[in-house]
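Annotation source TrEMBL lists Fe cation binding site at HIS111, HIS115, ASP304. Feature annotation from TrEMBL assigns substrate binding site to LEU134, LEU135, SER136, GLY137, GLY138, ASP167, GLY180, GLU184, ASN275. The domain 'Gcp-like' annotation in TrEMBL covers 24-310.
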Amino acid sequence: MIGLGIETSCDETSLGIVKDGKELLSLKIYSQIDLHKPFRGIVPEIASRAHLEKINPLLEEVLEESKVSLSDLDYVAVTRSPGLTGSLMVGAQLARCIHAIHGTPIVPLCHLQAHFAVLQLEGVEPVFPVLGLLLSGGNSAIYRIPHFGKMETVGDTMDDALGEAFDKVAGLFSLPYPGGPPIEAQASLYTPESGEKDLLPPMLRNLEQDRVAFSFSGLKTAVSHLLAKQPDLSVPKVCYHFQNTAFELVERNLKRAVAITGIRRIIAAGGVLANTTLRNRLSAFAKKNSLEFFSPQKKIYCTDNGAMVAALGYYLMQQGYSKSLDFTVSPVRQETYI
Ligand code: AMP
Ligand code: MG
């Protein structure tokens, strides 16, 4: 079964062609970062216009690279939620056009869930139930996934997502946008002394023991207060402590989610998982607690991409879920894929 995946929810225009949900035939990603850089954040109107410009050339590229023609497609999977409405509509319209011409079934889906289907492309078969940890520019959350097609929220963000916190803290140091890579690079220049005390307060210290929640806007404020009080602190040292405090909350939440759900298998995904310190820390945490831990090996699979959409689409097609023209896009996440 050959499927096309279309992802246009935010600032990547991406198309992927996948065979049987696990063999990648082609993947193209156009990142809009340079367009949004001057604004230090994503501008919705710029995003949707860029999707419109890039989507047809990218379609031609993936078809050519995979030696697949539109009439060969068994399904077209497309992100329908969550995301920027104008951007989602661009991807949805391409899926509708292909359906109108070739009658190809459409699988409209939630791209957050697709992050947890990308591992099939690296040879990891899905085993359920599983906990999904998603850390990206717009989300910090843990989900219980009983099967593809359904995700229940165990804990979500109360304010800024973790990627957003990296972007904002980078702004405090006039480091470039997006802030994740330059902060990681700065932090890696610092080696803490043995027994060095945390410079920043722990996040959500008073959260009830049986709750899972993320909050990072206070961390950005704590960094700016620290810089005001101690302007001579080195950038690498502050970046190191920022990462350390942020990742401590991720680890604490994961531990609680395991205790609450009893699920000992974790898949982590999202743009922030490109961070090597975080990946190593989560792997070590899983090993220490005898948990199964998976995360995409290829960094390109951490971010939003069309291949993961095609991979999830395959599993939803197997469950008999497909649509024709009668679907809508949604800025908010749905519990099920419908
Ligand atoms: P996404 O929303 O999945 O496209 O991911 C983009 C977000 O991931 C942005 O907020 C980036 O700052 C963040 N990000 C990318 N690379 C890294 C990294 N190495 N460390 C931390 N955050 C990162
Ligand atoms: Mg993005």
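Glycine too: its Cβ is placed from the backbone N, Cα and C atoms.
Here the features listed in TrEMBL are painted onto the structure.
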residue: HIS111; record: Fe cation binding site; CB count, 10 Å: 30
residue: HIS115; record: Fe cation binding site; CB count, 10 Å: 31
residue: LEU134; record: substrate binding site; CB count, 10 Å: 26
residue: SER136; record: substrate binding site; CB count, 10 Å: 23
residue: GLY138; record: substrate binding site; CB count, 10 Å: 21
residue: GLY180; record: substrate binding site; CB count, 10 Å: 22
residue: ASN275; record: substrate binding site; CB count, 10 Å: 25
residue: ASP304; record: Fe cation binding site; CB count, 10 Å: 27
According to DSSP, folded down to helix, strand and coil, what is GLY138 (substrate binding site)?
coil
Can you tell me the three-state DSSP label for GLY180 (substrate binding site)?
helix
Rounded to the nearest angstrom, how far is the Cα of HIS115 (Fe cation binding site) from the Cα of ASN275 (substrate binding site)?
16
Under 6 Å from ligand 1 by C-beta, which of these binding-site residues make it: HIS111, SER136, ASN275, ASP304? Sequence order, please.
SER136, ASN275, ASP304
Binding-site residues near ligand 2 among HIS111, SER136, GLY180, ASP304 (Cβ under 6 Å):
ASP304
Please give the maximum pairwise Cα distance, in Å and rounded to a whole number, for the substrate-binding set LEU134, LEU135, SER136, GLY137, GLY138, ASP167, GLY180, GLU184, ASN275.
19
Over the domain 'Gcp-like' (24-310), work out the mean pLDDT and round it to an integer.
96
At the Cα level, what's the spacing in Å between GLY138 (substrate binding site) and HIS111 (Fe cation binding site), rounded?
12
Taking just the CA atoms, what is the gap between GLY180 (substrate binding site) and ASP304 (Fe cation binding site) in Å?
15
